[in-house]
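Student: Let me begin by handing over the structure; questions about it come next.
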């Protein structure tokens, strides 16, 4: 498995023909963040590889996730009567979240600044973004938690899916139109979330207990913002862009079936996980919410990464992701009553570990394969020969 190649020769050929095409119409991004990023990128030395910036930003989000896992493992820390997360943690999380957002904004600028833009860089960036979705949502959940002033773990599960589908919608657009329309909600949410973390450190989580308007709690505002952004901004914009491409006869996939293929695996993942939650003999989501969310987010990231590879290489998206097969077996065992409460927890942890290892293996092998194909180092701007590239991959674990 160490040398397994996930990218087919047809896809490699498609990557050779790939040209970046994206459109950002968000006023916040255009008039505030891009000028800010243009200034920040000048701080970085020209020898620094863009992929290293991308990976560093991603690891900041992972650190935030792990930090709050330690202080708030079960999402009760913000509830009345429970030991709260220390104020300094919220400051750290807020700063690191904004730093990660900034690094995500400057990596592409660093690539253009150093004349090192490659399809691998875009795939690396968006692939890590797909995994970041679960870290964003689960980390911010700790502000409100699952107590009487928060939202239930099932509501958060549904909100997580709203975010996941909003993310994949952009790449579904590009799969069909050839243009990546950058979503408005991302920039707005990142700036808002970073600000809320800092405010929480100043006023304490108790401030979110109080109604902010007409007896509506801040948790209701949190929920309404996620759903409203998806239904009123992300979805309408995606459908409009798809319709415009249809009217101009520039759609890459003419049949409805082929256009909708990228949604099959995410919808099946949602169905299987929801059935598991509803049929669970031990109420698995109540017992292990953080692990369950992470399992869902990791499987989703793998599905999305495969879609990104296909849309960048102009190849057909696979209808079914193989990670769903073991999940199907676990859900079947739950439905027929073959999984006891203790066994069910063990199955969840095993499945999560398997998904994580499988997704990391997929990412490492794809980066390794594309690095060889484009004759580049993934984390260095030095130009290698083929022998040196192989040694570098071994040294960094690729």
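Cβ atoms here come from the backbone N, Cα and C positions, even for glycine.
Pasting the feature list from Swiss-Prot:
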type	residues	note
MOD_RES	2	N-acetylalanine
TRANSMEM	47-69	transmembrane segment
TRANSMEM	84-103	transmembrane segment
TRANSMEM	123-145	transmembrane segment
TRANSMEM	150-172	transmembrane segment
TRANSMEM	179-201	transmembrane segment
TRANSMEM	221-243	transmembrane segment
TRANSMEM	256-278	transmembrane segment
TRANSMEM	291-310	transmembrane segment
TRANSMEM	319-341	transmembrane segment
TRANSMEM	345-367	transmembrane segment
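Neighbours and distances for these, please.
Tutor: Same-chain residues lying 6+ beyond the ends of the transmembrane segment (123-145) with a Cβ under 8 Å from its Cβ atoms: 51, 54-55, 57-58, 61-62, 64-65, 68, 71-72, 75-79, 85, 93, 97, 100, 104, 107-108, 151, 156, 159-160, 163-164, 167-168, 171, 189-190, 193, 196-197, 200, 205, 208, 218-219, 222, 290, 293-294, 296-298, 300-301, 304-305, 308-309, 312, 359, 363, 366-367, 370, 378.
Through the fold, the transmembrane segment (150-172) approaches residues 75, 78-79, 126, 129-130, 133-134, 136-138, 141, 144, 180-183, 185, 219, 222-223, 226-227, 229-230, 234-235, 238, 262-263, 266, 270, 273, 277, 285-286, 289, 292-293, 296-297, 300, 303-304, 307-308, 311 of its own chain, all at least 6 residues removed from its boundaries and within a Cβ separation under 8 Å.
Beyond the transmembrane segment (221-243), the same-chain residues lying 6 or more positions past its ends with a Cβ under 8 Å from any Cβ of the stretch are 140, 143-144, 151, 155, 159, 162-163, 165-166, 169-170, 172-173, 176-177, 179, 181, 183-185, 188-189, 192, 212, 251.
Beyond the ends of the transmembrane segment (319-341), by six or more residues, the same chain brings 261, 264-265, 268-269, 272-273, 275-276, 279-282, 299, 302-303, 306, 347-348, 351, 354-355, 358-359 to within a C-beta distance below 8 angstroms of the stretch.
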Student: Apart from its near flanks, which chain residues at least 6 from the ends of the transmembrane segment (256-278) lie with a Cβ under 8 angstroms of it?
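Tutor: Hits for the transmembrane segment (256-278): 154, 157, 161, 164-165, 168, 171-172, 175-176, 284-285, 292, 295-296, 299-300, 303-304, 307, 310, 316-321, 324, 327-328, 330-331, 334-335.
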Student: For the transmembrane segment (291-310), find every same-chain residue at least 6 residues outside the stretch whose CB is under 8 Å from a CB in it, and list them.
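Tutor: Non-local partners: 6-7, 11, 123, 126-127, 130-131, 133-135, 137-138, 156-157, 160-161, 164, 167-168, 171-172, 175, 262, 265-266, 269, 273, 277, 284-285, 316-318, 321, 323-324, 327, 348-349, 351-352, 355-356, 358-359, 362-363, 366.
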